[in-house]
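According to TrEMBL, the feature region 'Disordered' maps to 1-30. If you look up TrEMBL, you'll see 13-28 marked as compositional bias 'Basic residues'. Per TrEMBL, the feature transmembrane segment maps to 76-100, 112-135, 147-167, 179-203, 224-241, 261-279, 300-326, 346-365.
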Amino acid sequence: MSPAVAAKEGGRQRRAGSHRHHHHHHQQHCLDVRSEAPPALALCEDGLPGGEAEALLPPEPGWRGARGCRAELGSILLLLVLYVLQGIPLGLAGSVPLILQSKSASYTDQAFFSFVFWPFSLKLLWAPLVDAVYLRGFGRRKSWLVPTQYVLGLFMIYMSTQVELLLGDGEGRGPDVVALTVTFFLFEFLAATQDIAVDGWALTMLSRENVGYASTCNSVGQTAGYFLGNVLFLALESASFCNKYLRFQPQPQGIVTLADFLFFWGAVFLITTTLVALFKKENKELTPTKEETKGITDTYRLLFSIIKMPAVLTFCLLILTAKVGFSAADAVTGLKLVEEGVPKEHLALLAVPMVPLQIILPLIISKYTAGPQPLNTFYKAMPFR
């Protein structure tokens, strides 16, 4: 499970760099927002993905009144779909180690493959680029989202033709771990770029009172996508699972192979992207001209100044060291069990009861983590672990 968690946390450390505002300006907005917004959405303290300046601006004179949650259901569902799609590559990358283990790859290979999750942790580095460069006519977010998703879809379809070769045939030719790592690294890199674009868009797509739903969509959608790409895939891929629960006549292979699965999701990516490109317009009324983006260098400068703050440095140190004690247990347990002969789909099915928990817990905990001391829950829960 640890890769999913790591990726999620990568997803949480959202881009500090995209405030296109001077500090004083921004603080003034924080105050505005705190006085008007309900506590659940107090934008400045609720770790909002991306902190898009447009979303923080006071309503324009021509703004079409308050829109309820109902009115934006379409946008919320679209975000959910986009986040689910983003979870698929994560889930697939999470299931490859188990497949490798069942083909008896070494732990060195496994460790090498874990580089695949780095793009999600490091996307802060190229997030300002995605934020600052775009085709105005096509839309600030869509000019990244649409190409990225098309490339992802085509890449998945191409991978579906190659992946059987890379995984090895089991007879003498083992899995080609380097090639697998490189392809999946590119794959996750694309997914992380899609994530940056969706996060930014979420904040301009939803009106101010509903912007809190963006992070809910993120955690729910990513979890669901991870589930589809990991648990569902490993279950359907396993011959024994399919024979036991889904078939009348047993057969030596699962219902889907990795190639079929990649092909299917590649097609889904292409279809949804086409629909988004054609039918979803970016709302222009939220982008006041006076707040035009500063250049990329400015964004990076701001990002650097944020990172230099002592509180942020301490926090980074905390996050970097908090998991050290568990890393071996988290990473190796599953692989050891596969090695001892536990079928990999059983391990994946153990994650099933966790999915509703991962969806519900953020909703419950959010009222404790939204206040002035959001990390208290973390401190209290850590010793139990």
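Using the three backbone atoms N, Cα and C, a Cβ is placed for every residue, glycine included.
The stretch with the most CB contacts under 8 Å to the transmembrane segment (261-279), chosen from 76-100, 179-203, 224-241, 300-326, 346-365, is 76-100. 179-203 is the stretch from 76-100, 179-203, 300-326, 346-365 with the greatest number of Cβ pairs below 8 Å to the transmembrane segment (112-135). Beyond the transmembrane segment (76-100), the same-chain residues lying 6 or more positions past its ends with a Cβ under 8 Å from any Cβ of the stretch are 3-4, 7, 69, 109-110, 113-114, 116-117, 120, 145, 149, 152, 167, 175, 177, 180, 184, 187-188, 190-191, 194-195, 198, 201-202, 205-206, 210, 213-214, 217-218, 220-231, 233-234, 237, 258, 261-262, 265, 268-269, 272, 276, 280, 334-335, 338, 344, 347-348. Contact between the transmembrane segment (346-365) and the transmembrane segment (147-167) is absent: fewer than three CB pairs lie under 8 Å, with pairs separated by 6 or more positions in sequence. Long-range contacts of the transmembrane segment (224-241) within the same chain, counting only residues at least 6 positions beyond its ends with a Cβ under 8 Å from a Cβ of the stretch, are 4, 7, 83-92, 94-95, 98-99, 250-258, 261, 265, 343-345, 347-349, 351-352, 355, 359.
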